[in-house]
Amino acid sequence: MPDLLTLAQGVAERAYAPYSKYQVGCALETSSGKIITGCNVENASYGLTICAERNTIFHAVAEEGPGMKIARLSVICLGHEFPPCGACRQVIAEFSLPGGASEVTFLRDGKPVTMTIAQLLPETFAL
Ligand SMILES: [Zn+2]
């Protein structure tokens, strides 16, 4: 099983983050076993910036189609630690395994923390 945090760290090096200087990388494994990576891409008009997690998830959909489900996802920021932002949590939930079972891993105090998306985003918005 590939180490998604290691993959995320590698792709974070390629982030386009000239404004925040926060280089973020993400790696996910789909329910069919495909590994997808992505990084954040910022823009001078800040609102067009895309987080590493959403960039990765959208790429995964492009690879596997609308039925793509996230088995597990890891995110890392070089020199900083934080879990996915609220917007990314909602997008992870959209492509989660049933019951919000998709696992999300991030660093806290230098150690990996894994939570399900149901734990990270209780009462998920759904139509
Ligand atoms: Zn985000």
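Cβ atoms here come from the backbone N, Cα and C positions, even for glycine.
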For the Zn(2+) site that TrEMBL gives as Cys85, Cys88, the extra residue out of Cys51, Cys77 is Cys51
With DSSP, how much of the domain 'CMP/dCMP-type deaminase' (1-127) is helix, how much strand and how much coil, in residues?
41 helix, 37 strand, 49 coil
Closest of Ala44, Ser45, Tyr46, Cys88 to Glu53 (active site, proton donor), Cα positions, binding-site residues only:
Cys88
To the nearest whole angstrom, state the Cα distance for the pair Ser45 (substrate binding site) and Cys85 (Zn(2+) binding site).
19
Integer average pLDDT (0 to 100) for the domain 'CMP/dCMP-type deaminase' (1-127):
97
Other same-chain residues whose Cβ falls within 8 Å of the Cβ centroid of Cys51, Cys85, Cys88, the recorded Zn(2+) site, in sequence order:
Ala52, Glu53, Arg54, Pro84, Gly86, Ala87, Arg89, Val91
